[in-house]
Amino acid sequence: MWNPLHETDSTSVAWRRPRWLCAGALVLAAGLFVLGFLFGWFIKSPNEAANISPQHNVKKAFLDELKAENIKTFLYNFTRIPHLAGTEQNFQLAKQIQSQWKEFGLDSVELAHYDVLLSYPNKTRPNYISIIDEDGNEIFNTSLFEPPPPGYENVSDVVPPFSAFSPQGMPEGDLVYVNYARTEDFFKLERDMKINCSGKILIARYGKIFRGNKVKNAQLAGAKGIILYSDPADYFAPGVQSYPDGWNLPGGGVQRGNILNLNGAGDPLTPGYPANEYAYRLQIAEAVGLPRIPVHPIGYSDAQKLLEKMGGSAPPDDSWKGSLHVPYNVGPGFTGNFSTQKVKMHIHSDNKVKRIYNVIGTLRGAVEPDRYVILGGHRDSWVFGGIDPQSGAAVVHEIVRSFGKLKKEGWRPRRTVLFASWDAEEYGLFGSTEWAEENSRILQERGVAYINADSSIEGNYTLRVDCTPLMYSLVYNLTKELQSPDEGFEGKSLFESWNEKSPSPEFSGLPRISKLGSGNDFEVFFQRLGIASGRARYTKDWVTNKFSSYPLYHSVYETYELVEKFYDPTFKYHLAVAQVRGGIVFELANSVVRPFDCRDYAVVLRNYADKLYNISMNHPQEMKAYSVSFDSLFSAVKNFTEIASNFSERVQDLDKNNPILLRIMNDQLMFLERAFIVPLGLPDRAFYRHVIYAPSSHNKYMGESFPGIYDALFDIENKVDPSKAWGEVKRQISIAAFTVQAAAGTLREVA
């Protein structure tokens, strides 16, 4: 549906226009919206108009069947014990989910297993960090485990804090504090402060970027090892008690997590191919993405003991200071009387090939059974997984139950819906990636969309959505139909509360929708296969709350009680997320015409091109000297805009009783995302193949637009060979221009 995101006359708008549309244009757009809506309504065929009410009634029945109390019960059941990937406990949970999905009424529910490389602490030789004196005596050791939360003291098989896939090693040396270990932090240390990190052990605080990027940056700097810790400035919200009296991180709490740099490869031993019984496996020395230096996480109580002795240079500015009572000196090494002391790492973790299990449920479509809409989320957790992932798994469970109830009553979706409970997401998205690799040919031909369902909440302030532009209109229209769960918005729509609390910085009158990055199971579907993807959850107020994510992330304190006592006592936010995720899946599976709007892609493509052009114009002399031009990209985007507009007009006029024409145009919409995929992938990241979107090279969690061009421009003023660097910029512009032109071609009327 035409909405304020679209522009009324794409051919007459200057490419480098101001961000905000003028008031007159908004009035004109609104007028055209009304006229278009009325025109479209009155030209509906009698059959189509007659079908609206039954379809709407089924959707209402589906949404009404979703119950907060059921989600609460499912979450409680899923969080009684740990479900670490590769363990018997997680296998048993897979079988439990399989059995219950069958009871709910799905046509089939199967287990799909793979043998992948996982990582575990050594049970007899624990990992820890020590301070040693000049004779090698240990004078301080970090904690070996987290104090258990109340009520969980007798739970066994709680994995102690560790960095998954850290190599074994016992390096010792001077300590250097590197802030968040971002690229810009190392630029500050090495270029401005002239501090050499080579041969040092680094300590960095969690936050801002993916932990694997921190480790990669440390390796590039020549470090012997890196220690990660959660600073209270990032994981302790002001005015809130630490767990169990509040939702803040205690001093002994530690964030677990993998530290791989896979760039979409999946299992490190079988990159690009499923890790089945007959797969060829690389040797460990050849494995993809494994870190080369020891890594270990600690809590901020232990970090205090290390940082309080730091000598050397003072922090360059206040942005390097956390909230511990330490000076945050950079080092290298300790100060004064402690200068002869060193830091030593003791890392003994083991990498092992272990079997993992996905649960795949199928609800067969009645009209287009060969077109798949997928709802997937992972079930493996570092410990109890109260938020990550079981708040998402509980919602998926309830969505499956609601769909199953409709099926038992004789209803079927138009298209097939697949439900997935992924394994080993925490280790590197292994379950989803291996399954997608095994089924890639089928998915490329039949995949309509993938909706991710990891954690349902990371706060309780407002909705957060990341998705392809094809789904913008779908998400906006759906949220206008749903009731907001937010206090002060009684009787108002979810769209209204979302728009007020998180407005788009680019489009007036619309809520913010973010780009897809990575760090979750949509990666292989979107970045490698080009299947339209999205995700939704409830989040915190990112404007006022500067702490990273939620404080107890990946710690032993991420329990059911954390959610039930502090985040969502009535589970109304979980229910809202279930309605959004389930509603999106319902529309994707049942709309006669795919609910994708290609015009939204046209608008964002132009914005992305403008952004990169503006970045490049920070170097006007080099642009001129090396004959770098964005004209081909702007021309391609302009062409895409015109063709997308024409396509949308044809959709409005489409005879929906003509099955051949309907199939043709639906397939054009389905394959549009695929048209942005290039077979060779991005430079040095072959499994990231989407030309428009990719995870940032400097932070896996964040999405970047036109990533090939962006990476070529990054830090270009410091490249050794400017001619080669600007040549790469030109090459990436040409690839982007070709891809956008080619994608536009797929929307042309079929001869």
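Just so it is clear, glycine is given a Cβ too, placed from its N, Cα and C backbone atoms.
Per Swiss-Prot, these features apply:
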type: ACT_SITE; residues: GLU425; note: active site, nucleophile
type: ACT_SITE; residues: SER629; note: active site, charge relay system
type: ACT_SITE; residues: ASP667; note: active site, charge relay system
type: ACT_SITE; residues: HIS690; note: active site, charge relay system
type: BINDING; residues: ARG211, ASN258, GLU425, SER518, GLY519, ASN520, ARG535, ALA536, ARG537, TYR553, HIS554, LYS700, TYR701; note: substrate binding site
type: BINDING; residues: THR270, TYR273, GLU434, GLU437; note: Ca(2+) binding site
type: BINDING; residues: HIS378, ASP388, ASP454; note: Zn(2+) 1 binding site
type: BINDING; residues: ASP388, GLU426, HIS554; note: Zn(2+) 2 binding site
type: CARBOHYD; residues: ASN51; note: N-linked glycosylation site
type: CARBOHYD; residues: ASN77; note: N-linked glycosylation site
type: CARBOHYD; residues: ASN122; note: N-linked glycosylation site
type: CARBOHYD; residues: ASN141; note: N-linked glycosylation site
type: CARBOHYD; residues: ASN154; note: N-linked glycosylation site
type: CARBOHYD; residues: ASN196; note: N-linked glycosylation site
type: CARBOHYD; residues: ASN337; note: N-linked glycosylation site
type: CARBOHYD; residues: ASN460; note: N-linked glycosylation site
type: CARBOHYD; residues: ASN477; note: N-linked glycosylation site
type: CARBOHYD; residues: ASN614; note: N-linked glycosylation site
type: CARBOHYD; residues: ASN639; note: N-linked glycosylation site
type: CARBOHYD; residues: ASN646; note: N-linked glycosylation site
type: MOD_RES; residues: SER10; note: phosphoserine
type: TRANSMEM; residues: 20-43; note: transmembrane segment
From TYR273, ASN477, HIS554, ASN614, SER629, ASN639, the recorded positions whose CA lies within 10 Å of that of ASP388 (Zn(2+) 1 binding site): HIS554
Of the recorded positions listed as ASN337, GLU426, GLU434, HIS690, the one whose CA lies nearest the CA of ARG211 (substrate binding site): GLU426
In three-state DSSP terms, the structure that ASN477 (N-linked glycosylation site) belongs to: helix
Integer Cα-Cα distance in angstrom, ASN614 (N-linked glycosylation site) to GLU437 (Ca(2+) binding site): 38
Residue among the glycosylation sites ASN77, ASN154, ASN614 whose Cβ has the most other Cβ atoms within 10 Å: ASN77
Local backbone state of ASN122 (N-linked glycosylation site), from DSSP in three classes: coil
Shortest C-alpha distance to the residue listed as 'active site, nucleophile' - which of the recorded positions ASN141, TYR273, HIS378, GLU437, ASN639: HIS378
Nearest-integer angstrom distance between the alpha carbons (Cα) of ASN77 (N-linked glycosylation site) and ASP454 (Zn(2+) 1 binding site): 17
Rounded Cα-Cα span from GLU426 (Zn(2+) 2 binding site) to HIS378 (Zn(2+) 1 binding site), Å: 8
Among ASN122, ASN477, which are glycosylation sites, the residue with the most C-beta atoms within 10 angstroms of its C-beta: ASN477
From recorded positions TYR273, ASP454, ASN460, ASN477, the one whose Cα lies nearest HIS554 (substrate binding site): ASP454
Winner by Cβ contact number (other Cβ atoms within 10 Å) across the recorded positions ARG211, HIS378, ARG537, HIS690: HIS378
